[in-house]
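Undergrad: Take a look at what TrEMBL says about it:
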type: TRANSMEM; residues: B:20-43; note: transmembrane segment
type: DOMAIN; residues: B:23-217; note: domain 'MacB-like periplasmic core'
type: TRANSMEM; residues: B:245-269; note: transmembrane segment
type: DOMAIN; residues: B:247-368; note: domain 'ABC3 transporter permease C-terminal'
type: TRANSMEM; residues: B:289-316; note: transmembrane segment
type: TRANSMEM; residues: B:336-358; note: transmembrane segment
type: TRANSMEM; residues: B:388-407; note: transmembrane segment
type: TRANSMEM; residues: B:413-434; note: transmembrane segment
type: TRANSMEM; residues: B:468-488; note: transmembrane segment
type: DOMAIN; residues: B:473-644; note: domain 'MacB-like periplasmic core'
type: TRANSMEM; residues: B:700-720; note: transmembrane segment
type: DOMAIN; residues: B:704-814; note: domain 'ABC3 transporter permease C-terminal'
type: TRANSMEM; residues: B:744-770; note: transmembrane segment
type: TRANSMEM; residues: B:782-806; note: transmembrane segment
Amino acid sequence: MDNLLEVKNLNKEYGRGTSKVKALQDISLTVPKGQFVSIMGPSGSGKTTFLQLVGGLDSPSSGEIIFNGVNLQYLNKEPEISVFRRKHIGFVFQFFNLIPSLTAQDNIALPLVIEGTSKTYINERVKFMLEIVGLKNQVLKYPHQMSGGQQQRVAIARALVRKPFILLADEPTGNLDTKTTLEIMELLKTTQKELEQTIILVTHNPIVSSYADRVIYFKDGRIIEDELLSNNKSKREISVEISEKLTDISGGTVYAN
Amino acid sequence: MLTNFIQYVIKQMNRNIRNLYIILGIAISISLLVSTSILYVGMKAEVENQVRENYGEKDVMIGYKNLVGYNDVVEAKLSEDDIEYIKNHPYVKQLSTVFFPLFNESRNGILFIGIAPNDSFAKTEFKIPQYDINENEVILSKDLLDRFKENNGKIKITFPSGEEGVWTVKEVLEGKSTVLFNIKDLQKTLKAPNKVNLMLIDLKENADKQQFIKDIKSNIDPRLIIDPIKEKDKFRSNLGGLRNIGIVFGVFILLISTYFVQSILQMSFKEKIQQMAILRSIGTSKKQLVFLVITEALILSLIGSVMGSGLGILIAKFGKNIVVGQLQTTILETPIPWNIITLIIIISILSVLVAGLVPAFKVANIPPIQVFSNTLNQEYTPKRRRTYTSLFFLTIGILLTTISIIFSEKLSGLSFIGSLILLLGVIVGLYLFVKPILIGVKYILGSINRIEVKLAINNLISQKVHTANAAIVIVLGLAIGFSLQNLLGAIEKGEYNRIENQFGTRLMVQAYAPMMSTLPLSLSSELKAIPGVNHVSALGKIISVKTDKNEELLVSPADFQSLMNMGLLSKHVNTSKPAIILSKEMATKFNYKIGEVIKLTGRSDQVEIKENTSFIITDIMDFVPSTLHSKLAIIDWKYLKLKGDSTYPRGFFIATTEKNTSEIEQLVYRVISKYPEAELLNQEIVIKDIKNQILRMYSIFYTAILSIFVVGFLGMYNSIHSNIISRKREYGILRATISTPTNLLNIIIIESLLIGLFSTIIGGVLGLTLTKGLSTFLDIDFIINWNVLITTIVIILIASIGVSLIPAFKLKRLKVVDFFNR
Ligand SMILES: Nc1ncnc2c1ncn2[C@@H]1O[C@H](COP(=O)(O)OP(=O)(O)OP(=O)(O)O)[C@@H](O)[C@H]1O
Ligand SMILES: [Mg+2]
């Protein structure tokens, strides 16, 4: 399988002198196309920092990030990096960040509109995305008329409408109840399968992680474990295992949601 | 579905209530500017109209003049060449020639005037429609009709010089003792062909009057008296002073409107920063963001401008009616000044653009990492630079104000600049005052042991920038509005005082055609006998006297003692010695000072000053009360020798303390009915007229002040509303932890009230400083109108509660979780 993402010896330091924080230390990994990766770890372990670097929002102190053979370092100036980000990377956040004055379908259309895509393509693509995320009946609703789960669906559709290389999601279910969390995870799983979408997701929730193909554990800016999940076990079993692993890593602290 | 970016711009605007505020803000500001400028133009036209109505169309009078007026006592006349020269002078717009023979005045008091046919002079000077007086026709006053009427219905006049003639009556005038002739006709009859002794001239707009006078004197005859019509100039320069105030006003209105729109926009962008951040996060380029802002600003300001202009025109139209109705004034209808409106619209579009671009660039330059982080931090801590700037302005402002107070005489401009800088300093660093003042309030309210009050005060202190932002509009509006109101009050009061001083008496009996006829001195005691009359002061006919230095002086004899009793003299005058009071103009002309002695010699038909009587200059006044004239002097009449004393005075001032003079008026009428020359003037009416004129001039500024308060109120609603809404999360935390919905409602209302209190304290102090600065600068009294100040403060406090109610109830109804939803 082709490697979509290749990360080599990535380091990130914040601040200098005594207040220096080594947020990421010597991270190396590869992600093949279509894989669903979950990142877990205690608070402050560098998960968000990692997503930000991979997403080209910030530049590493050292190391390389390569997407489909393109080294982000070469793009490390504006507006190239912004264009790359807009074309190839989709973001989903804990807060859905929808434009309140636009309907569901218009929110989804917005990235294409900004790019100046043709009208017919926009129509077609947005309809398709609405179907994927299961919001065919909510097209004309405004964000404040939708539930959190529905809003997150719109946000996911918006992130995917431009067919990004990779979807980066930082605690996308952090703001949702259990039932809705499961729905959103089912949706992400569907997109992975139907669109061959590569996904990296950060979460504290073992159940969420159980939907992934692979779980990477961070601690103090380092990867301390990287495991592929078995297809044979039930989600329940997997999440229990993850839970235990987390407890080991953080020395007794239990993480949930 | 959304398919292009412009659609997006419009769609997202469509559903944003904030845009309505912006449009409203722009519209109100523009309507304010437009209506003020329309009213101002109208008022200017009205003043010019008044000038023409009161003083005629003419700018300059040219003629040969002796002591009583323009006449032919001096054996000189204007030749046809002279007239031609003047007519062709480049400054001259229009010219009327008048033949105005003055016969020995004691025989009769009739004015014979020859005017050119169809001359506008007749229309304005004699207040008649423009008649074409043909030869053999006259227009004459009613009283003369019976006197000269022959049996055949014609008029026969025998002139004092012996000539006579017969005319048909063209029209009868309302006035007294006047006959208008065709000028050629009169010249022929009096055997003075082509004789012209008076010209009335209308100068072109930009004519240099002084230069014109020089030209005429050097080219025709240095003895010519050229008399620019002073009153008219004075009246116009009044308007000139008004223009300065108008400019101060305009600047303030512009300032407030710009600030208003700017603050709405800024708040709107503060709210929109999130939206822009999202846009950035899904790949909107900086260019697109700027485009978004420009398009939005253009659309908003265009709609606002059109609405505002329309509203402004309507306000000017209806507001005019209200002003006119309320203040019994008139403001002329004027064509809408489209050029001004266009300018205003362009300025407003530009300022909206600038106001919009600043936050757009701010957002565009936010590093993407910050855009993506969920806690896009909106908590705003003021930069240190801002604090320093504020402190800098404050120091300079206080310094300048102090210096200008110490050296107040010389540095009047400084106090104004100082107070403006102070205002700037306070506005920039308003948040610096939040804590000390609110702690003061807390201390004062210490006895009120309600948790809500404490919470509210703590909230406001911890959010001092928010608090300051919410307060800024009120502070600014109050400071400016209040100082302007005080300023106008002071000007108005000063003006009223001046008038009251000038017209200290209420009634005046005057011999009609004051230059010619006189009244018996005995009338004085008859008038004095009328119940309700406190003092009567006779004034004599103006006589020409010579000083020992051979200067010609026009003096009017008056009874100094009774003038003093009437309060018409500003000083006590020792009447045991001959005294003279000079007008400032005369004193400057001949370089006389108080205390100097002038020796006067002079005589007229009826009166004589003994050779070289010494008069002490006891006072120099702006203008001389008993004559209401700036070119004259008065001397105490005790030191005159009357020849046939029975018919010397030309008028009597009657002073009464009675408020309602109508009864006295009736009695005075009865007394004077024996003397056909006598006429009663009610000075009260004159005073009222002048006061009305003043009111008329200032009414426009009152309209403007009112509008400032309206705009201020809207600004207040806007800022308090967005202050509350932008702190939704904070209130949510309160609700989640300690407060009930009612607690929250109370907290919000108390906060708003406290903001109002804070603003009025600062705005009031600033307003007073600004008033002081302005009044020193413009050299007017510093008057604090406590009524207005207190009323305004009460209104603001009530209003601040009022404006908080809608958002407060909105939040009260929310469930706790809703506070945290975007
Ligand atoms: N902008 C920054 N400046 C300085 N230090 C930072 C910055 N961003 C993150 N850090 C530090 O880097 C480390 C990693 O932070 P990061 O946000 O990646 O953790 P995380 O794993 O996402 O934690 P959480 O689970 O709480 O979201 C932390 O110690 C954090 O304090
Ligand atoms: Mg994180």
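Note that the numbers count up from 1, one per residue, in the order the chain is shown.
A Cβ is built for glycine as well, from the same backbone N, Cα and C atoms used for every other residue.
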Undergrad: For the domain 'ABC3 transporter permease C-terminal' (B:704-814), DSSP counts of helix, strand and coil?
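TA: Taking each residue of the domain 'ABC3 transporter permease C-terminal' (B:704-814) in turn, the totals are 99 helix, 0 strand, 12 coil.
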Undergrad: Taking B:289-316, B:388-407, B:413-434, B:468-488, B:782-806 as candidates, which has the most Cβ pairs under 8 Å with the transmembrane segment (B:336-358)?
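TA: Against the transmembrane segment (B:336-358), the leading stretch is B:289-316.
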Undergrad: Can you tell me the mean pLDDT for the domain 'ABC3 transporter permease C-terminal' (B:247-368)?
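TA: When the pLDDT values over the domain 'ABC3 transporter permease C-terminal' (B:247-368) are averaged, the result is 72.
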Undergrad: Short question: most Cβ pairs under 8 Å with the transmembrane segment (B:20-43), which of B:289-316, B:388-407, B:413-434, B:468-488?
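TA: Ranked by Cβ pairs under 8 Å, first place goes to B:289-316.
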